[in-house]
């Protein structure tokens, strides 16, 4: 479970709402976090196992090197998956220690204790979880930015360095700033005033709220730009173009759906706890429903937060079962370029060789101009090795072996 409350657990003095969560079924809660974290960590590692793509009609049996075929979006997704797995590992280890070494954990609450290792482990594990999940949030934001820039033809592999600086730099800066404000000048003074705790909560939830607010806007702009790009190629939508647009729209919808499911409980829980903190007595009978809702969402966080990485992998790539080398049969959607469609509209006009030459020149011009849009669309709609739907974008060959005649309908690349 990734919550800024993990950092306040390390404080010797806690507010009433934090103590309510800490004292509510602690062993059951950490057992739930351990089970959920270990399960999704194993499933996430299983998804990373290498597998070979079977050869198909016109497709090579061996995949090219990853460095030669991985666009910036694929690298962003790998970085987000790595951050999520490492954050899930931190939740698992922290829960194991909480369950296996209760005497060690009791030393965290000692006001005048001489053993610094319990508090050090508590603060270190809390910062580890916050840093990795914050970096994951920033990477998801970078993915939305990159998808929009790809359609606008302003992105490329050169921007991946900027994304690294943004994701890791901002995550580390916010994490260190929040921890410094929380634990300054010592752990014994934590939670003695809102000036210590509020900056810690703000730095934790800022990237999460950014993804919730900005990513849908960027995704919507990207889908609109994709529709304009497809219409600009032929002037009208064909069935293949509609299906390509639907694939891109569905992918973005799945990403946001998984993110909302996994993290909306955190926002609800934190809002309820802040409401309880503002009450003079949180144990009053009138606040019973609020306390029960806070406890329920607290346990939901323990289940859903570690599940984000695995669910996102399903949203991106689909499910292949427990056999990494297994690949389900794919539906291949033939994407035909404008030049192909133009060639299939009918026989050449019998008005003379001049119009035929003009038609051939126009066809070559269309092919040259459509190549960038083909690449942009393929980057957004490409499936992974585990995908059950793969879209092949028919683009013009770069080796200069094309003839001067009007091209025929292309098959699989």
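Using the three backbone atoms N, Cα and C, a Cβ is placed for every residue, glycine included.
For 352-374, the entry in TrEMBL reads compositional bias 'Basic and acidic residues'.
Residues annotated as region 'Disordered' in TrEMBL: 336-381.
Remote same-chain residues near the transmembrane segment (79-101) are listed as 1-2, 6, 26-27, 30-31, 33-34, 37-38, 40-41, 44-45, 48, 121, 125-126, 128-129, 132-133, 135-136, 139-140, 143, 163-164, 167, 305-306, 308-309, 312-313 (criterion: CB distance under 8 Å, separation of at least six residues from the stretch ends). Annotated transmembrane segment per TrEMBL: 79-101 (among others), in sequence order.
Residues or ranges marked as transmembrane segment by TrEMBL: 127-149 (among others).
Look at TrEMBL and you will find 161-184 (among others) tagged as transmembrane segment. For the transmembrane segment (161-184), the list of distant contacts is 4, 7-8, 10-11, 72, 76, 79, 123, 127, 130-131, 134-135, 137-139, 142, 145-146, 190, 195-197, 199-204, 206-207: same-chain residues at least six beyond its ends, Cβ to Cβ under 8 Å.
Outside the transmembrane segment (204-230), and at least 6 residues removed from its termini, the chain residues within Cβ reach (under 8 Å) are 3-4, 130, 134, 137-138, 140-141, 144-145, 147-148, 151-152, 170-171, 174, 178, 237, 241, 244-245, 248-249, 252, 255-256, 259-260, 263, 266-267, 270, 373, 376-377, 380. The annotation transmembrane segment is assigned in TrEMBL to 204-230 (among others).
Per TrEMBL, the feature transmembrane segment maps to 251-276 (among others). Note on the transmembrane segment (251-276): residues 2-5, 16-18, 20-21, 140, 143, 147, 201, 205, 208, 211-212, 215-216, 219, 222-223, 282, 287, 290-291, 293-294, 297-298, 300-301, 304-305, 307-308, 311-312, 314-316, 380-381 of its chain, located 6 or more positions outside it, place their CB under 8 angstroms from a CB of the stretch.
Under the heading transmembrane segment, TrEMBL lists 296-320 (among others).
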